[in-house]
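A.B. asks: These came from TrEMBL, pasted as-is:
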TRANSMEM  59-79  transmembrane segment
TRANSMEM  117-137  transmembrane segment
TRANSMEM  143-163  transmembrane segment
TRANSMEM  197-213  transmembrane segment
TRANSMEM  225-249  transmembrane segment
TRANSMEM  255-276  transmembrane segment
TRANSMEM  338-355  transmembrane segment
TRANSMEM  362-382  transmembrane segment
TRANSMEM  394-416  transmembrane segment
Amino acid sequence: MQRWNAKCVYGSEYKSKRSTTLLIIRTLLPNSAAFRKKSKLSCNRRLTMAGNSASFFTLYGYDMLLGLIAAFYVLAVPYTKVEESFNVQAMHDVLIHRYHLEKYDHFEFPGVVPRTFIGAFFVSILASPIVAAMSLVHLPKIYSLYVVRLVLGCITLFTLRFFRKQIRKRFGRQVEAFFVILTASQFHMLFYCTRPLPNVFAFCLVNLTYGFWFNENFHAALRCLIFSTIIFRCDILLLLAPFGLQLLLTNSISLWKAMISCLRTALCCIGLTIMVDSVMWRRLLWPEFEVFWFNSVLNRSSEWGTHSFHWYFTSALPRSLLASYPLFILGALLDRRIIFYILPVLSFVLLYSKLPHKELRFIISSIPIFNLSAAVAASRLYNNRRKSVWNILYIGMLGLILGSLGCTLVFFMASYENYPSGHALKALHVNMLNHENEVCVHIDTFSAINGISRFGENGYPWRYSKEEDISLEEFQNRDFTFLLNEHSDIKGFKCLFSVNGFSRVRLQSGFPPISMIKEPKVFVHGNIRNAYIMHRHWPGCITLY
């Protein structure tokens, strides 16, 4: 009996403990469910964020790749040359001097032919908030040059994105991917896309033309070409003519409707450029008409050098396209659709070849179409790579792309060394960082066209002169503190240091197989009558770069 009572007691205790445990579990269960719900929501949120990131890279990954390469070129080689000088100085003046036209550079150095301010205005307006913010924290003006070039690069790559999206719709994602790979492996297009050349402004509009063309919006494509021809580069007429002719022959447009649309656009563009540029130049002016008259009618452009008829096909296109050069020919053979798009662009290059003066930048607008043809060939080789003969071609294509990367590296190294006076002026500023007395620097013509712009100048106590036609003997009678000059020996001045520049490429038997030959290009001289300069230690005429 006693044992039974004890058993009952223990049993009741067990039941009591079990009930308490169940009660605790029941109490916690709602919280556990809430916890699981929160965990599920958190997991879903992380998955959503990961999905958004993947979606972002899917949408903008190609743009980021091309943009990073272009930005690297800007940061590594920020300086500009004479071809870019008008738009660079114009953007500087618009951002710094604003409505004080009397301070603008083009009145002192108008150049051989006038250029339009419209492109410089557009870039400056977009860059002005960043430049204004930098001026508040007193950053040097050179950073504004980075900004305007990066803004221009964004504009160019945005128009290229528009064209690339049409490539995806018409030829598929794989062709689009190879288009980006080939573009990234080339040097000239991404290097030039941030440089404020009239050709680059025209290039932006030609990219839009290609996009509208692929989208079968033919009138918009024609309007873009007319805008580009009348305002930025009159030679785009050589692309407009075969392009318009092809549209007429294929019954893509009505002659009468096209004439009305083109005439309206032309009148609006002429009115715009005359209105803007007449104010900025202070005379009645249509800049591109004067350029057309000077270069084409008078043929004065040949004074800056000439090349043979085949130069674009045997030098400019192979250097700019690299791996795409043989591939674009193969693409035209493999896909008949490509011939329709290549013909107007090929006609453009052929027509341009008749002009004696030739430069690679003149035909930069043809590169995207040739890259498209090359991308079609690359895609076909990739899809058939498991077949024996195709596999050999595919391996050859990979070798070509690797070779393109090597050539791009060489081009970049040469370009980095191609702006010696920009490096020279920067080194002079660094060496005279804490100097408080007024300093006057004379910049000769060679230095002015090889890396120096208003963006590279400092404020007080620095002054700069680009006075021309001063003989070497006359410098000793002037009060210049420093000279940036292409000559190493100037009477009355001491050579403080020199800066190397690119001279040529030399092949060699060892590794690397190519070496860059550099020579002193710009010499920085100090006035021997200035005691402060003479008492300081300078490297002498040895190179700093």
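Positions of Cβ are set from backbone N, Cα and C atoms, glycine also.
All annotation found in TrEMBL is predicted automatically rather than curated by experts.
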A.B. asks: Quick one: do the transmembrane segment (225-249) and the transmembrane segment (338-355) reach 3+ CB pairs under 8 Å, ignoring pairs fewer than 6 apart in sequence?
C.D. replies: yes
A.B. asks: With the transmembrane segment (197-213) as the reference, which stretch in 59-79, 117-137, 143-163, 338-355, 394-416 has the largest tally of C-beta pairs below 8 Å?
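C.D. replies: The stretch with the most contacts is 143-163.
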A.B. asks: Looking at the transmembrane segment (255-276) and the transmembrane segment (394-416), are there 3+ C-beta pairs under 8 A, with each pair at least 6 apart in sequence?
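C.D. replies: With fewer than 3 qualifying Cβ pairs, these stretches do not touch.
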A.B. asks: Go through 117-137, 143-163, 338-355, 362-382, 394-416 and flag the stretch with the largest number of C-beta pairs under 8 Å relative to the transmembrane segment (59-79).
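C.D. replies: Stretch with the highest Cβ contact count: 143-163.
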A.B. asks: Decide whether the stretches the transmembrane segment (338-355) and the transmembrane segment (362-382) have at least 3 CB pairs under 8 angstroms, with pairs required to be 6 or more apart in sequence.
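C.D. replies: When sequence-distant Cβ pairs are counted, the transmembrane segment (362-382) touches the transmembrane segment (338-355), since at least 3 lie under 8 Å.
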A.B. asks: Cβ under 8 Å to the transmembrane segment (117-137), counting only same-chain residues 6 or more beyond its ends: which ones?
C.D. replies: 87, 90-91, 94-95, 143-144, 147-148, 151-152, 155, 196, 198, 201, 231-232, 272-273, 276-277, 280
